[in-house]
Amino acid sequence: MSSGSSSEPAAETGTETPTATETATPESTPESLDDWLEDANGYDGELRRYGPQSRPTIMLGEETDDGLAFSPPVIEVPPMTNVRWDWTGHGGQQNVVALDGTFDSGRTNAQSGTMYHYFFEETGEYRYVSEPHRDDGMKGAIIVKEPPSSGNTELDEWLVESSNFDGTIADRTDTDTATVTAGADGNGGQFAFDPPALKISTETTVRWDWTGDGGPHNIVSKDNGPLDSELVADEGSAYEHTFEATGTYLYSCKPHEGLGMRGAVVVE
Ligand SMILES: [Cu+2]
């Protein structure tokens, strides 16, 4: 299952027994992931989620207010994802070592341009450190789990990288006017729609209310849908649309679409 050269940090798949000199000490007492990550440099409690077919890259040696960090420190990926680590060249010698020995980039390296990758096949929580900086908070985690599922595939694929989407479609089928907050917490700032997905009946008006946070946002349909608001930043701004026809309507805030600022309206 292994491939790549042995002298450089190399591609690996499957499980490998760490060598004696490079063995990471297993945790002696189980500690929750949240507790373990509490002093992880650059971690603000929000993980970055990637969808299927994505190619996540984590930078080593990112300078943060806390100190040297993996960036992003915590990511969530589906099974069968190849995760890559790139050395920035900052902060001296670094490596990537899973606490449970699942993956190990080998000898430390300080060279910008060094890379390592590991193919995650199975679900699980993988904690890892850069050994020279493990006591200084340079640590991270890869969470491998199935993406959130609402049962609506089109919607699930559109929202998979939206941090506040957990597979729930908020039920607003019993109201004539449903509201969505634009500029809610999420996606690494105030870059979320809340709720990200909602379900309404035909003839229902959806109103998006701007919080004023996160800079200018807009509401624009994917492809050629009916939603097309102005790009505005002011708190108290609003945009409305009344949905006549059934279907799944996908939209985003164009400036923040890549961050995951996406939403969906299901009209029944
Ligand atoms: Cu936005």
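Backbone N, Cα and C define each Cβ position, glycine as well.
Per TrEMBL, the feature compositional bias 'Low complexity' maps to 1-31. The region 'Disordered' feature in TrEMBL is assigned to 1-53. Residues annotated as domain 'Blue (type 1) copper' in TrEMBL: 64-145, 184-268. Per TrEMBL, Cu cation binding site is recorded for His217, Cys253, His256, Met261.
Here the features listed in TrEMBL are painted onto the structure.
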residue : record                 : Cβ within 10 Å
His217  : Cu cation binding site : 30
Cys253  : Cu cation binding site : 27
His256  : Cu cation binding site : 24
Met261  : Cu cation binding site : 30
Worksheet item: Taking every residue in the domain 'Blue (type 1) copper' (184-268), what is their average pLDDT?
Response: 97
Fill in: Secondary-structure category, per DSSP, in which His256 (Cu cation binding site) falls
helix
Fill in: Secondary-structure category, per DSSP, in which Met261 (Cu cation binding site) falls
coil
Discussion item. Quick check: with His217, Cys253, His256, Met261 left out, which same-chain residues have Cβ atoms within 8 Å of the centroid of the Cu cation site Cβ atoms?
Written reply: Ala182, Gly183, Phe191, Phe193, Gly214, Asn218, Ser252, Lys254, Pro255, Glu257, Leu259
Item to complete: Give the helix, strand or coil assignment DSSP yields for His217 (Cu cation binding site).
Response: strand
Practice prompt. Summarise the domain 'Blue (type 1) copper' (64-145) by DSSP state, stating how many residues are helix, strand and coil.
Written response: 6 helix, 40 strand, 36 coil
